[in-house]
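Student: Below you will find the structure I want to go over with you.
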Amino acid sequence: MEVKDILKTVDHTLLATTATWPEIQTILDDAMAYETASACIPASYVKKAAEYVSGKLAICTVIGFPNGYSTTAAKVFECEDAIQNGADEIDMVINLTDVKNGDFDTVEEEIRQIKAKCQDHILKVIVETCQLTKEELIELCGVVTRSGADFIKTSTGFSTAGATFEDVEVMAKYVGEGVKIKAAGGISSLEDAKTFIALGASRLGTSRIIKIVKNEATKTDSY
């Protein structure tokens with residue numbers, strides 16, 4: 001797999017709580033220059049970012065982030081607001097308290113409500129795999145499939161661990177047809193990126209891959 005093909009799977013991400021507009025601009029410029037799938041940024045920057053890229057790049061943002069335990073109504077509002085401001089893709093965090101209570105029906109209904117507001121915009125569902133048992137992850141693969149969401153996503157990048165090869169393998173085995181996989185958190189090398197893609201991920205959430213590619217380009221004058 002060529003580097004350009006890897007870059008097409010990347011949601012180039014900056015979700016730091018202290019992210020400044022110049023830092024967001026750099027993310028947007030790099031994402032456009034390297035033709036990544038999207039730039040994933042805080043919701044407060046979506047409107048300004050959408051105006052800045054002027055249709056040249058998909059803008060992704062997060063809702064219910066990073067803990068997921070805001071109410072469904074709050075998440076629905078966040079979704080509507082983000083789309084109104086120009087977001088093309090939404091990454092939502094599920095309520096893990098519902099998961100731990102065994103209330104998967106409530107998790108599914110919340111995703112359905114948010115997907116209804118997304119309409120033709122892409123919805124990715126963050127399940128925070130580092131906090132799940134294997135059995136919970138398998139159950140959530142079914143929940144996300146039935147909900148109509150477009151992607152199941154491993155991690156926020158703000159919890160105890162990010163994506164693992166094992167979790168992506170489980171997702172690839174148990175998620176239904178039509179649901180794609182996004183691996184996110186801790187992807188720090190091109191080799192890891194290739195492995196995640198080989199295991200079934202079609203999106204990668206990372207802030208590091210472009211830095212690596214830039215370093216390689218400096219050495220070889222190409223990527």
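Cβ from N, Cα, C; glycine included.
Got these off Swiss-Prot a minute ago, pasting:
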ACT_SITE  Asp91  active site, proton donor/acceptor
ACT_SITE  Lys153  active site, schiff-base intermediate with acetaldehyde
ACT_SITE  Lys182  active site, proton donor/acceptor
Student: Which one is it: of the active-site residues Lys153, Lys182, which Cβ has the fewest other Cβ atoms within 10 Å in this structure?
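Tutor: Fewest other Cβ atoms within 10 Å, among the active-site residues Lys153, Lys182, is found for Lys182.
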Student: Please state whether DSSP places Lys182 (active site, proton donor/acceptor) in a helix, a strand or coil.
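Tutor: Reduced to three states, the DSSP call for Lys182 (active site, proton donor/acceptor) is strand.
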Student: If I take the alpha carbons of Asp91 (active site, proton donor/acceptor) and Lys182 (active site, proton donor/acceptor), what is the distance between them in whole Å?
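Tutor: Cα of Asp91 (active site, proton donor/acceptor) to Cα of Lys182 (active site, proton donor/acceptor) measures 10 Å after rounding.
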Student: Round to a whole number and give the Cα-to-Cα distance in Å for the pair Lys153 (active site, schiff-base intermediate with acetaldehyde) and Lys182 (active site, proton donor/acceptor).
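Tutor: Cα-Cα distance, Lys153 (active site, schiff-base intermediate with acetaldehyde) to Lys182 (active site, proton donor/acceptor): 4 Å.
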Student: Just counting, how many other CB atoms are there within 10 A of the CB of Asp91 (active site, proton donor/acceptor)?
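Tutor: Step by step: centre on the Cβ of Asp91 (active site, proton donor/acceptor), count other Cβ atoms within 10 Å, giving 28.
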